[in-house]
Amino acid sequence: MINLGGMMKHISVIGSCNMDLVVEVDRRPMPGETVLGNKMVLSPGGKGANQAVAAARLGAKVYMIGCVGNDAYGQMLKKAMEDSNVNTDYVYVLDNVHTGTAHITVSNGENTIIVIKGANSEVSQKHIEEAWETISTSDIVLLQHEISKETIDYVIKRCYEENIPVLLNPAPYMDVPEEWIKKVKYITPNEHEAALMFKGYTRNEILTSNNGKVIMTAGKEGVFYGENNSIINISGFDVKAVDTTGAGDTFNGAFAVARSEGKNMKESIRFANAAAALSVTKFGAQSGMPYRKDVEELLKCKK
Ligand code: RIB
């Protein structure tokens, strides 16, 4: 366990656990075409579990709240989280439903993903209530879009009533009710998700009207947010990408750690950008996720 001199923050992640079935291929097939791939790897994933692992490796005390099936994938996912010091007491193992899977193709470092939600669809108000004591004492709660809309809605309202900060990562995209935007502390769309969420508004309008709340990731352009009616851009780190799967999740987990430790917005985004950059240098969502010392080293040498 990393000793942060009493700074260790408490983060709850309510979300998905998926087994990623990752195929690497030189070129994706066209409709109706068959191509030969290079390799297939089973790799722990799911946006929720990924964010939990990212935050735990960076030094937070992390609780995962989610569901897996009573099958080999479920066991492997729980073990992967535990190996990174994520508490899985609230990862429920359910009968009669399979663990969520993600079917991923990686080609030239870029991915395409199809998610089958399986047990992730079963995360319910009942599970939230069972874990409420843990959730309600969190420094921050992380949510994504791979569990049911009803459960996300319940968590956002419940946390808002009790003044618990929520970071919503609106991926994969689905309609985001205005009430959610009002009630969460941070929302972290990429530029495509932001364009869908705020139809008809420019990037500047979105960011200035949601000062410090909307944190927009824009790939090579870095990250944008609004502060005092101007737009702040924090650039990313240049690395050779082997697999970008999980980079967004690493960003979210790292940002939550940094912010809850009291770093300001700029420092937190730089910290998260560094963590995300390191995460893409290895194959698989969780395998490249860095530890605290790796991020600090990168930040030191790229001052
Ligand atoms: O964000 C990456 C994740 O999205 C993958 O690990 C996959 O499981 C999908 O949920």
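Including glycine, each Cβ sits where the backbone N, Cα and C put it.
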Select one of Asp249, Asp294: the residue that TrEMBL places in the substrate site alongside Asn18, Met19, Asp20, Gly46, Lys47, Gly48, Ala49, Asn50, Glu146.
Asp249
Which one, Asn190, Asn204, Asn264, is listed by TrEMBL in the same ATP site as Thr217, Ala218, Gly219, Lys220, Glu221, Gly222, Gly248, Asp249, Asn273?
Asn190
Neighbouring C-beta atoms (10 Å sphere around the C-beta of Ala49 (substrate binding site)):
34
Using Cα coordinates, what distance in whole Å links Asp243 (K(+) binding site) and Asp20 (substrate binding site)?
13
Taking Cα atoms as reference points, rank the binding-site residues Lys47, Ala49, Ala218, Lys220, Gly222 by distance from Asp249 (active site, proton acceptor) and give the first.
Lys47
Whole-number Å only: compute the distance from the Cα of Asp20 (substrate binding site) to the Cα of Asn190 (ATP binding site).
21
